[in-house]
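Notes for the one structure printed next.
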Amino acid sequence: MPLFLLSLPTPPSASGHERRQRPEAKTSGSEKKYLRAMQANRSQLHSPPGTGSSEDASTPQCVHTRLTGEGSCPHSGDVHIQINSIPKECAENASSRNIRSGVHSCAHGCVHSRLRGHSHSEARLTDDTAAESGDHGSSSFSEFRYLFKWLQKSLPYILILSVKLVMQHITGISLGIGLLTTFMYANKSIVNQVFLRERSSKIQCAWLLVFLAGSSVLLYYTFHSQSLYYSLIFLNPTLDHLSFWEVFWIVGITDFILKFFFMGLKCLILLVPSFIMPFKSKGYWYMLLEELCQYYRTFVPIPVWFRYLISYGEFGNVTRWSLGILLALLYLILKLLEFFGHLRTFRQVLRIFFTQPSYGVAASKRQCSDVDDICSICQAEFQKPILLICQHIFCEECMTLWFNREKTCPLCRTVISDHINKWKDGATSSHLQIY
């Protein structure tokens, strides 16, 4: 119970001679004030009423109060009064605080224990996962090591089989390498001659034409017994039985021969003088020929593959024959879908070929003088200057070459054309159409 200490001034002592001689009225007045102050302090200590009976002596409180009298006291002391009383509400508050603190400490301890348990479980799960991943990685590494050892032991046998396969198909492999080399050489030469424009060599173009024609004739003459040229007009070569490698052989040779044929047509266009056919018109012809070549090459392999798929069921029962028919029909459906997918592009190419859209209007001399009569692309004087919609001026030939691969202005990147004339530079697609 809390201990209250009241520090009160002591009454004047009557021990001195001088104090006895003070007036009685003055002494009695100071004592009355002293008594009134004590009563006021006691009334404050015991308020509110009705709570003094429930005091608890186990929790002392101390209050130190000092009251100073109104009268002049030359010698005054402090009186300490201990009051062992506390209201019931204070005791209840203290007990409730103790209970709450105990509950809080208990809950806090439970939460901490749960968190520690959860952290320990997570740590164990992490360790287990790491161990499993380590085991999986080690097992994968061991399997890869076993596979490598098996390949290392089997390498001599693989080399023997590879040499045997090469010897069996040495003719086809050698011919394929020769055709690919011929195509790459001719394609690069044609692109260079188209780029040179008026400086192109007519002799070089004539040589390319003769070289491509001679290669095609020599190839068909060498294998005339197989009648490989039949596949150029959607007929089957004269072969008794078509295997997979024979189909691959026929389709591959036919695809290269078609490329050589259209490349020869491009060489003929190169030989045409520029006053008969301008360079701008030649570019559109190159583009049209390449698109025709690609679409024709798409349909040429159809008869050969269709015969191969149908022949799958000729020497078997009804189930195998039905399966062959189903595979052939699926092949035809896929080819038709491919054709209709490219039909939009082909229509766009035809529209460009017949309209030959212009990229701008002819620039005036004043407009050319404003830019010092120098083309920003070729760094030379303007030749047939063209004013674009972005107000930049370039040579017509420079613009034609630029828009063969780009859609925007070389300086400000404003979109000028809605399409790219991919094949106007005379190039031929290197894609091998084998299906």
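All residue numbers here begin at 1 and follow the chain in the order shown.
Glycine residues also receive a Cβ, built from the backbone N, Cα and C atoms like all the rest.
Annotated range for transmembrane segment in Swiss-Prot, selecting from 277-297, 298-318: 298-318.
Among the ranges 63-101, 336-374, 375-413, the stretch that Swiss-Prot annotates as zinc finger is 375-413.
Panel annotation: around the transmembrane segment (233-253), residues 169, 172, 175-176, 179, 219, 223, 225-227, 299-305, 307-308, 311, 432-435 of the same chain, lying at least six beyond its termini, place a Cβ under 8 Å from a Cβ of the stretch.
Within the chain carrying the zinc finger (375-413), a Cβ under 8 angstroms from the stretch's Cβ atoms is held by residues 195, 197, 279-280, 283, 358-363, 367-368, 419-422, 424-425, all 6 or more beyond its ends.
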